[in-house]
Structures are given as structure tokens and as C-alpha cells.
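Annotated in Swiss-Prot:
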REPEAT    2-42  repeat 'HEAT 1'
REPEAT    44-80  repeat 'HEAT 2'
REPEAT    81-119  repeat 'HEAT 3'
REPEAT    158-196  repeat 'HEAT 4'
REPEAT    197-235  repeat 'HEAT 5'
REPEAT    236-274  repeat 'HEAT 6'
REPEAT    275-313  repeat 'HEAT 7'
REPEAT    315-352  repeat 'HEAT 8'
REPEAT    393-430  repeat 'HEAT 10'
REPEAT    432-469  repeat 'HEAT 11'
REPEAT    470-508  repeat 'HEAT 12'
REPEAT    549-586  repeat 'HEAT 14'
């Protein structure tokens, strides 16, 4: 092969690979752009590589997406901020492609580059780019333009700023709904850069146009603008211009707009302040909680606790609580589930007496809901109620339902109960645990779902830590060891798992007197899976018991297992023997 000029070689490889039929090769070369740019040097990168990329904007979307991302961090490879403008042409091309994710990444990269450019470069290169995109024939260019106005605006002259505001206003009235959507979506960002004198006169006029758009997809994006613009306006302007829009949107004919209001309600309340929230937004929120569209009720129900934090307890009880009671028996399981995921947080807001009077009956009905996710959401947040009403009342009112759920037909509900048991046990005390929950813990060890059995074994360890080895020796160990003769090998295996977890908590004496004989006996089991788990368990017991026990009992058992016909049993037995030899060598 003829000698190739070394600096030319990387660009030649890149060009070859970019034209290759294999998309993976083209992708790899794009992702190596920074390496190639280093090899070429800054000047050749500017003069050869970037123009080449500008001409290649008709590739697969995956390649173009990678290119858009790479160019966003390319300033150091073209000679620094002084030459950042050379990166604009390829990104401008990418802003006009059909694929949305490519355009969005190109816009993101343009924002990164534009925010670092010098003011004169912004005026000479970036602003003309924005204008070209905003005046583009193809709607994709105009959509992309909306996302970069806020970067262009900051470093402009007053004349250019006036021009940019007028151009943005035109985009808000564009014939294409996609462009108006982009204008609505980015209005908040643009507004943060616009001087306060133009907020009411110009930006709010654009906003008003968008809120009255005949397309619900534009109006729902204007909802997000309410919160963003509300933070920029003076309080009195916010009440005069934003509040009526929110109230109207909460009654919009499109459920998607109402859904967006419900979803953004907390942010909207922050924008208009506490007084308007109490007088104007409480009725709006109540309407959303009682909306005839389930999707809207789901969004509203999920915000009930956050919304109540903005109110005093009396208002919450008077206006919101009746809706919460209705939602707890809503015809949609998803509404009930959304409510269950947040309702426990209302307890600290309402206080002990109101929680007992109003919320406990709702908790109880949700705990007995036919839909497992509803029950699950309540169980996972029980500690929030416990902190408010105390454990005694909790045990009297909710615990019977919790115990019932311990045998729920859905394993995820049983799992949630298991994970809650150590907390319950620590707060209720030993006596209550022995009466109500002890038998359940053993029952879970023999559950037909592995995740439940594993969680139950971990549970035993946590209970032993909570109540101490003596209690565990009396109430847990005998029941666990009784299972060693269970006809099902998976349940026998669970005994080994429970021993491995409990042994470090129980200490050397109980491990040697109670656990070890059972483990040695299990080494003679007919099932290979049991035997190699015995080998692994014996290895984990080495640090817990005395060296004499290791030499006398554990080693001999492992030697027997190392001669087992099953290859896995022999492997784990030898691993354990090596571990013994290693620890012996370290001690000597």
C-alpha cells in the first residue's frame, strides 16, 4: 500500500465510513468526531470537517442525532469561542430535518453554543440564523426557531430585539399548529429574557392569542406558560392577567387542557399566591376533582396533598375532603390508585383529630379496595399516618385490615406488608407481634412466590436484630428449623437461606448448637441444589464460629461434598475448602 500522508488519513477514513452502507460504521465515525478533529487540528476541522458535515444532513436519523449531539460540545475543537460560529451551519441544517428528536437535539446544541458566543458573533451569525429558521418555508425550521429565541435575544441591540419580538409574535399566529405549539411551549423561556416593560404590552398579548387558539394541543401548552409567566409578572398583573386564564382553562371544553391544569395546579397556585388560591382556585380545583373525565380526576387526585398544604386545615376539610371521600369510591381504579398514593400525606396537614374523624375511614376503605395497586399505595405510606395518630390507634383501626392483606392474592401486596412488618413490630412491641404476626412470618417462608420467600427470610433477620437473639431463639428459630424436613426442596432451601441471614445476628453459640447440625444434615439431601447451597452456607459460617468447629465439623462436611457426583456441588465445596485454607494461612 502506498504511504498515506498521516494527517490526511483520519479524514479519509471518516469520509469513507460516513458513506458506508453499514449504518453502524457511519455511527461509529460520527461518535469519533472529536478524535478526528484533534488529529486534523483546529484549522482543518473548521475548513474541511465542518463543511463536510454541513453537506451530509440527509443521513439516517440515528446518525444525524449523534451528529447534533457531538456538535454541541465541539467549540474546543474549532479553536474556541472565537470560532464558535463555524458550528452553526451544520446545526442549522439539522434544525430543518423531519425527525423531531434530531431537531430537538440540534436546538439544544445551538443553545449551548449560542450561550457561549461573544455578543458581536451573536449579532452577526446567531441572530441571522434565527431569522432564517423563523422565516423558513418548511414548518420544521419554524418549530426549531422557537427554541432558540431566548439565546439570541440576550446579546442583541434594541432594534434587533424589537425585530425578534415581532418575529416571535408571528410564530404565535403561524398557520401550522405545530409551530404555534412550539411557540407556546417556549414562550416562558423567551419571556425570561425580555425586558419587563415589554412583558405586559407584547409577551402577554402573544400569550392571550395562544390561550384562545382553536387547537387544544396549543392551549394545553399555554397552561404551562401560566406558571412561568406568573413568576415574571408583578402580583397585581398576575392576578389580572393569569388568574382568569387559569379559571377558564379549568373549564375548557377539551379534557386534555383541563388535565394539564390539574397536573400543573400546584405551580399555578404558587404563581398567583395564597389569597387567590383560596378564593378562586379552590372552586376550580373542586371542579377538576369532580370532572366527568377520569384522566382529569386522576391528575387532580394526585395533587390533593400538595394542594391542601396551601390551605388551612379548615378550608381543606370544608372543600377538599368531601371530594376526597367521593374519589375513594370512584368508578375508575386508576383514580382511586392516584388518591391512595398521596392521601396519607394529608394526615400531618389535617392533624390528629381530623385524621381520626375524616381520614381513617377513607384509609380503611382503600385498604380493602379490590384493585391491588390501591391497597399497595396505602400500605407503603402507613408510617405517615402513624406519626400523626400514634401506633395504638393505628393498630386498633387499621391493623386487622393489614393482617388480612398479609394473605392477599397479589404477591406485590404481600411483599409490601412483609417489608412493613419490622417497622410495625418495633412500634407495636413483642407481645403484639407474637399474637398477630408471628405465624404469618413463617407462612411467608413457604410462599409460592420466590420474592416473598426471600423477603420473609430477610424479615426474620431484621426481627432478630430488633428483638434480640434470646427472643428469636424462642419464637423464630424452632419454627424455621422445623421446616427442614419439608417435602418441597424449595422450602428446605429457604431454611438454609434463613440460617445464612440469621447466623451473624444470633452469634457463634446458637449457630454451633442449633444451626450447624441442621446444615450438616442437609448436606446429605438428595437434591444437588440443596447440597451446593449447604457448601455456600458453610463458607459463610466460617467467620462466625470458632476455628475448632471449622476444623472438626465444617471441613469434614465440605470434604464429603467435594466428592459428590454433581459437578456444581463439588465446585462450591472446593471453593469453601479453599476459603478455609486461605483463612488458616492468614492466621498462621
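Backbone N, Cα and C atoms are what each Cβ position is placed from, and that goes for glycine too.
For the repeat 'HEAT 6' (236-274), the model's pLDDT averages out at 90.
Tertiary proximity for the repeat 'HEAT 3' (81-119) is limited to same-chain residues at least six positions away from its ends with a CB under 8 Å from its CB atoms, namely 42, 46, 50-51, 53-54, 57, 61, 64-65, 67-69, 71-75, 125-126, 129, 132-133, 136, 138, 140-141, 143-145, 147-148, 150-152, 155. Note on the repeat 'HEAT 10' (393-430): residues 356, 360, 363-364, 367-368, 372, 375-376, 379-380, 382-383, 385-386, 436-437, 440-441, 443-444, 447, 449, 451-452, 455-456, 459, 462-463, 466-467, 471 of its chain, located 6 or more positions outside it, place their CB under 8 angstroms from a CB of the stretch.
Outside the repeat 'HEAT 8' (315-352), and at least 6 residues removed from its termini, the chain residues within Cβ reach (under 8 Å) are 278, 282, 285-286, 289-290, 294, 297-299, 301-309, 358-359, 362-363, 365-366, 369-371, 373-375, 377-378, 381-382, 384-385, 387-390.
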